[in-house]
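To start, the structure itself, in structure tokens.
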Amino acid sequence: MFYGTDLSSRLMLGTAQYPSPQVLSQAIAASGAEVITVSLRREGREGGAFRDILKAAGRRILPNTAGCHSVKEAVTTAHMARELFGTPWIKLEVIGHADTLQPDPFALLEAARILCGEGFEVFPYTTEDLVLGERLIEAGCRVLMPWGAPIGSGQGLRNIEGLRSMRAHFPGIPLVIDAGIGAPSQAALAMEMGYDAVLLNTAVARALDPAAMARAFADAVAAGRAAHRAGLMPRRDMAAASTPVFGMADLA
Amino acid sequence: MQIELNGERIETGAASLDALVEERGHDAGSVATALDGAFVPRPLRAAAMLRDGARVEILSPMQGG
């Protein structure tokens, strides 16, 4: 449950960097994503077409504060987004580092505290830091979105053990891997580890065939989730024969 | 009067923010506005008066990840 909303698709899709509005529409449809992320910007040439796509897609909108580097910028952007999209949901990004685009944990926490206090339902883009996660929850966040790897890098889950710890540490909090996913196998792994959803953009938008890649991610996310629910076997260091020895012929 | 709209200096005859939104041809409901770095909700645009050198942002839904 994401702030009381149950989603049947656990893939959330970004809407940037597609080669054309048509391809974006096809990718949204193929992904089966119920949640798509958008930004607020000075209107460019394709602004009207983009609004039409959002309307036609009919998906739940998760506006972001991408590009914001300060509390004030992020909070103001969130206010503007709430009015424009009519949703309390906000993907809160407060960027702290130009090369890694990792969040500024101090500004993130302060902005989260302000926005939660104003009734926003905050989806904070964070790291796998457990203490920061706890502080964000104390601030009122009911979802955490740790990065898999730097935004747009396609490196997948760069700190798998850290992300496992995070999953174990926050059993009751919906956790979404946001950023860094490059391949469906990485998304499947996140879901197998018990993550509740995966949010990605570049891996689909920059694929040779974005709609086909969106479908591949949808399948991977569904498979990973089904595997987690089915209960994965424990890992072993040594082999353990699966075929019984009992009844084997003496052929030596 | 000269103001800065979305980072560009423009000449406008609009006295208030809602008049500026209309002058620029925007549908009032499909943009969000800020004046001098502060959010101005839709119902307050009419009362938000522009002055020479004001910094206005008119933002729209755009692609994002």
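The backbone N, Cα and C atoms fix where each Cβ goes, glycine too.
Automatic, uncurated: that is what TrEMBL annotation is.
Record features (TrEMBL):
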DOMAIN    A:3-244  domain 'Thiazole synthase ThiG'
ACT_SITE  A:Lys91  active site, schiff-base intermediate with DXP
BINDING   A:Gly152, A:Ala179, A:Gly180, A:Asn201, A:Thr202  1-deoxy-D-xylulose 5-phosphate binding site
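Annotated features taken from TrEMBL, shown on the structure.
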{"residue": "A:Lys91", "record": "active site, schiff-base intermediate with DXP", "Cβ within 10 Å": "28"}
{"residue": "A:Gly152", "record": "1-deoxy-D-xylulose 5-phosphate binding site", "Cβ within 10 Å": "20"}
{"residue": "A:Ala179", "record": "1-deoxy-D-xylulose 5-phosphate binding site", "Cβ within 10 Å": "27"}
{"residue": "A:Gly180", "record": "1-deoxy-D-xylulose 5-phosphate binding site", "Cβ within 10 Å": "23"}
{"residue": "A:Asn201", "record": "1-deoxy-D-xylulose 5-phosphate binding site", "Cβ within 10 Å": "25"}
{"residue": "A:Thr202", "record": "1-deoxy-D-xylulose 5-phosphate binding site", "Cβ within 10 Å": "19"}
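Annotation note: A:Asn201 (1-deoxy-D-xylulose 5-phosphate binding site) sits in a coil segment as assigned by DSSP. Cα-Cα distance from A:Asn201 (1-deoxy-D-xylulose 5-phosphate binding site) to the residue listed as 'active site, schiff-base intermediate with DXP': 14 Å (rounded to the nearest whole number). Mean pLDDT of the predicted structure over the domain 'Thiazole synthase ThiG' (A:3-244): 95. A:Ala179 (1-deoxy-D-xylulose 5-phosphate binding site) sits 12 Å from A:Lys91 (active site, schiff-base intermediate with DXP), taking the C-alpha atoms as the reference points. Taking the C-alpha positions, the distance from A:Lys91 (active site, schiff-base intermediate with DXP) to A:Gly152 (1-deoxy-D-xylulose 5-phosphate binding site) comes to 16 Å.
Under DSSP, A:Ala179 (1-deoxy-D-xylulose 5-phosphate binding site) is assigned to coil, being neither helix nor strand in the three-state scheme.
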